[in-house]
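Visitor: Here it is, the structure in full.
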Amino acid sequence: ACVGDGQRCASWSGPYCCDGYYCSCRSMPYCRCRNNS
């Protein structure tokens, strides 16, 4: 399963973002999925 917009993600181990999203780690300490459009 993948996670969507605003959900917590981890680029190195998952959970991974759904298609159309990328894992943004700017808002530490957690990474969150952002729309990549």
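Even glycines carry a Cβ here, placed using N, Cα and C.
So Swiss-Prot lists the following for this protein:
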- C2-C18: disulfide bond (DISULFID)
- C9-C23: disulfide bond (DISULFID)
- C17-C33: disulfide bond (DISULFID)
- C25-C31: disulfide bond (DISULFID)
- S37: serine amide (MOD_RES)
- R8: site 'Pharmacophore' (SITE)
- W12: site 'Pharmacophore' (SITE)
- Y22: site 'Pharmacophore' (SITE)
- S24: site 'Pharmacophore' (SITE)
- R26: site 'Pharmacophore' (SITE)
- M28: site 'Pharmacophore' (SITE)
- Y30: site 'Pharmacophore' (SITE)
- R32: site 'Pharmacophore' (SITE)
- R34: site 'Pharmacophore' (SITE)
Visitor: Show which residues of the chain containing C2 (disulfide bond), separated from it by at least 6 in sequence, have their CB under 8 Å from its CB.
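Guide: Listed in sequence order: P15, Y16, C17, C18, D19.
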Visitor: Give me the long-range Cβ neighbours of Y22 (site 'Pharmacophore'): same chain, 6+ apart, Cβ under 8 Å, in sequence order.
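Guide: C33, R34, N36 - these are the non-local Cβ neighbours of Y22 (site 'Pharmacophore'), listed in sequence order.
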Visitor: Neighbour count, 10 Å Cβ-Cβ cut-off, for R8 (site 'Pharmacophore'): what number do you get?
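Guide: Other Cβ atoms within 10 Å of R8 (site 'Pharmacophore'): 11.
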Visitor: I'd like to confirm something. Which of the recorded positions, R8, W12, Y30, C31, S37, has a Cα closest to the Cα of C23 (disulfide bond)?
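Guide: Of the recorded positions R8, W12, Y30, C31, S37, C31 has its Cα closest to that of C23 (disulfide bond).
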Visitor: Could you round the CA separation between R26 (site 'Pharmacophore') and R8 (site 'Pharmacophore') to a whole angstrom and send it over?
Guide: 12
Visitor: Other Cβ atoms within 10 Å is the metric here; tell me which of the recorded positions S24, S37 scores highest.
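Guide: It comes out as S24.
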Visitor: Starting from the Cα of C9 (disulfide bond), work out which of the recorded positions (C25, Y30, C31, S37) are within 10 Å.
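Guide: Among C25, Y30, C31, S37, the ones whose Cα sits within 10 Å of that of C9 (disulfide bond) are C25, Y30, C31.
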Visitor: DSSP on M28 (site 'Pharmacophore'), three-state: which is it?
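Guide: Where M28 (site 'Pharmacophore') sits, the three-state DSSP reduction gives coil.
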Visitor: Quick one: of the recorded sites R8, W12, R32, which has its CA closest to the CA of C25 (disulfide bond)?
Guide: R32
